[in-house]
Each structure stands twice: as structure tokens, then as C-alpha cells.
Amino acid sequence: MRITLPLSVLLSLASYVFADGDSDVLSLGAANFESTVSAEPLILVEFFAPWCGHCKALAPHYEEAATTLKEKNIKLAKVDCVEEADLCSSKGIQGYPTLKVYRKGEATDYSGPRKADGIVSYMVKQSLPAISEVTADKHDEFTKADKIVAVAYLPSSTAVPAAEFSAAAEAHRDDYLFGVVTDQDAAAAAGVVPPALVVYRSFDEPRSEYPYPVNGATKKEIEDWLADLSIPVLGEVNGETYSIYAQSGKPLAYIFVDPTDEKKDEQLDAVRPVASKYKSKLNFVWIDAVKYGDHAKALNVAEAKWPAFVIQELEKQLKYPYDQSKEVTTEGVQDLVEKYVAGTLQPQLKSQPIPESQDGPVTVLVGKNFEEIAFDESKDVFVEFYATWCGHCKRLAPTWEQLGEKYAPIKDKLIIAKFDAPENDLPPTIPFRIAGFPTLKFKPAGSKEFIDYEGDRTLESLVSFVEEHAKNSLEIPEVKAEEPAQTPLAEEKKETVDTRDEL
């Protein structure tokens, strides 16, 4: 039975739905965008598309942040770029979600996290001056206002190292919260004797004082000190935090754990003492093994068996996995780390088997034969570094095969090769690492230096590049046509007789 509701009831239901869906995120369009952003001293705007997966993932965090920031009088807004295509185009939006910070209508790119607490922290810092004057009554609240809070306790606002501290604050206002205390009673209450620099953290050791003479502290030294303190002894690495670790330049020591395992904390505690001891040498992190199992495989962790421990040297992409046949213990991890730091630990190189033959026009390189073939100084070598899943690589494949076929007659002088980078590790002697696919590199004969190919991927362009950079002669010998073998007369007659049709 079909029920038809009166229009008045439908309208009341619609009103209820819209009321229930009230949001603290402002919806902007062409009609109200300029008037809204130009009137706000600070507002964050998300440009999104309803079909965008990343936008959907951001939505609940953005909403939560908007509710929290509403209390601080900081507004968050959004623009639907499907409904407002012209507006988004006029703002130069090319991908989703794109977030921009507006100050009285002037836009800058948002470079903060995309979780609720990260958005709140970032926007609060944006609302403050680079350095806030901290009074005695606000001191405790200020030192707990963010994950990392740097405070300079000074006799006066111009005392050394105020200028260097201010320069560091201007450069890193998006990263940390900065304050200055010139009230001597406030400094005394905090147990600090000016001049001093103190960092307050919401993790690990909650308070750290600058360990060197403060009067000589430079902007760079303050930045380095803050960068070191911003990384936990054993923090979680994920999509939000990876860049922090990558920028530090230190090797990464991972422990892969299943976050649902009731022994997770016990597993992390096994690594923590080693992490504390070697924090100056490596960054220790824990990582969700269920979510990032493929990353474990890329680090040469052979089995999906947790916990697993592995050291990765980021610059050279070398991997040093812990023996998975052994239990991950404090003593075992310390032994591995000690050997790594001492330089006696050998990296584990992933390699496909060396091909039994190289009969094809393109030579197959793997981890185990790369040095032998690529560093052969008697030959010019042109290598394609590819991934089987890469669409650009698939499109290049037939052209690369044609290039190999063209120079197949002179493989003793010029090698056209390919290297499946995800399935093979480059040896540590190789002075480069591959960041994208396909990557093409040419090594001239008589040298061990590789030249990057950056032209288009047509056969003609590739041939021109080879002709320009090859040191060996590219002259392809003429192949003489073989004369047909002469058949003895007796056999010829026999063939004629034997093949005659019967009547």
C-alpha cells in the first residue's frame, strides 16, 4: 500500500533533516565567497568535489576542527567545486581537496595536517603572532597549548638571543608554538633562570632546556634543537608524520606491529630502551603492520609475521631486516642496531634470479647482475627503470623493445637494458636512487657516471640521445644474404620424381 504524505508534513520533515544536519563549516559559493573571506582576519577554506575519496576522508576531521575552532572565533569553510566550477577555476584549483588560508581575502596554501587536532593546532598558530608574550597567569595554559611549545625566558624583549629566537619563530610558526616570558616572577614560578630557552612537549620528556650557552644560540642551532625534540623516542609513522622523519635525514628503524594485538605495548616496550640509547643516530618508529603491510614487503620483510623490525637507510634506500626466525627482543634489536651503527651490518638486497640467457633485444638487469653489466666500461649502457604496474612504463615498453632491436647487432658495444625497480634493490655502490617510473639513465663507455634522459619517449628521440652520448661506434654491420645451398643433381631428380602427382 502506497502512502502519500501531505505537503505540510513533507516540509516539516525536510526542515527537521536540515536542522539535524547543521554544520559548523560554512558553505561558500560565487555569491558570498569574496564578501566572506575578505571580512575574516583568518579563515580556512576547503575546495572539494563530492566524489573525491580524499575529501570524504577529510570531511569528519574538518567538521570536528570547525566545531573546536568556533570557540576560538576561527572559521572553516568549504566550496563544492562541482557546483561552483567557475569559482574554483578562478582560484586556480587543480586537485581535491585543496585547502587555503585566507587573511582579509589574501590566500596562502595550507600546509598542515588533515586530522582534526592537527588542523586545530595549525590554525591556532596561524591566529597568533609568531611569538606570543606570555604572562604569569597564562603560563601554564600556554605551555600545554600544543604538542611542542618553545619559550624564551629573557630579562627583556631585546636581550640576547631574542633576535635569533624571533627569526626561528618566523620560519617555523606553522610547526611549533613560540612564546617569550620577560616577567621575572613568571620565570621564577616556572623554575627558570633567564636567559633560557625551554621546550615543553606533550610526549616523552615534557620539559627540555637548551643544553648549550643561550647567549651564543643562532637561528640554525635553535631550529636543529627544535627539530630533534619534535621527533618522539618511539613515535608512530603514518601518512601524516612520514615527512617529518624523511626531512630529518636520519635512518628509520621500524617496528611493525598489529595495533589490535593485546601485546602491542609490550612489543613496543621491548624496542624503547634501544630507541632511547640510539636516538641521536636513528629515528625509531612504530607502524601499523595491517595497514602498511605492503611497505613491510618493500623493506624486505619476507613474511607477514608481527612484530617485525627493520632499519631503512633513506638516502640510499638500503634495508636491514631483523631475522624473522627469531623473537623480537630488546637484546636482539640492540645487537642489530649496534652492528648497523658500527658499519659492520650488511644490507639485504632484493633481487630476482639472474636470467639464464639474454637472447632478447633488451637485456634484463636484476639486483645481482646490475653492477657487472651496467658498470662494464667497454660498453655504452642505456637502462630503463620501470615498475610492472606503471601505466607510462607499459606505454613505453614496445618503443623500448624497438630501440633494443635496432641496436641488437652491436650488443657487444651498446646495451639497451631494463630494471624492475620494485622487485630489485640497487647495490649500495650505485650513486642514485629511483624515485619515479619510468626513469631512463645512460652510462657512456669508459665511464661509471649515469646521464639522465629527460626527452620525450619516441623512438626517434631515444635514438638521437643515444647517438649524441654513445662513445662506441654505432655502425651496424651489414648482414650479407646467404646464398641458397646447391642441391645435388641426383637429389634434385629424385625430388622431381617423388613429388609428381599420380594420374
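Cβ from N, Cα, C; glycine included.
All TrEMBL annotations are machine predictions without curation.
Summarising the annotation, TrEMBL assigns compositional bias 'Basic and acidic residues' to 490-503.
The feature disulfide bond is assigned by TrEMBL to CYS52-CYS55 (among others). The Cβ of CYS55 (disulfide bond) lies under 8 Å from the Cβ of GLU46, PHE48, ALA49, TYR96, PRO97, each of these being in the same chain and 6 or more residues away along the sequence.
The disulfide bond annotation in TrEMBL covers CYS390-CYS393 (among others). CYS390 (disulfide bond): 16 other CB atoms within 10 A of its CB, across all protein chains.
Annotation comment: TrEMBL describes 5-129 (among others) as domain 'Thioredoxin'.
Helix, strand and coil counts from DSSP across the domain 'Thioredoxin' (340-471) read 41 helix, 24 strand, 67 coil. Positions annotated as domain 'Thioredoxin' by TrEMBL: 340-471 (among others).
What TrEMBL records for 475-503 is region 'Disordered'.
Feature annotation from TrEMBL assigns signal peptide to 1-19.
Around CYS52 (disulfide bond), the C-beta neighbours below 8 angstroms that are at least 6 residues distant in the chain are TYR96, PRO97. When averaged over the domain 'Thioredoxin' (340-471), pLDDT in the model lands at 95. Sequence-distant neighbours of CYS393 (disulfide bond) (same chain, 6+ residues apart, CB-CB distance under 8 A): GLU384, TYR386, ALA387, PHE437, PRO438.
Secondary structure by DSSP for the domain 'Thioredoxin' (5-129): 57 helix, 25 strand, 43 coil.
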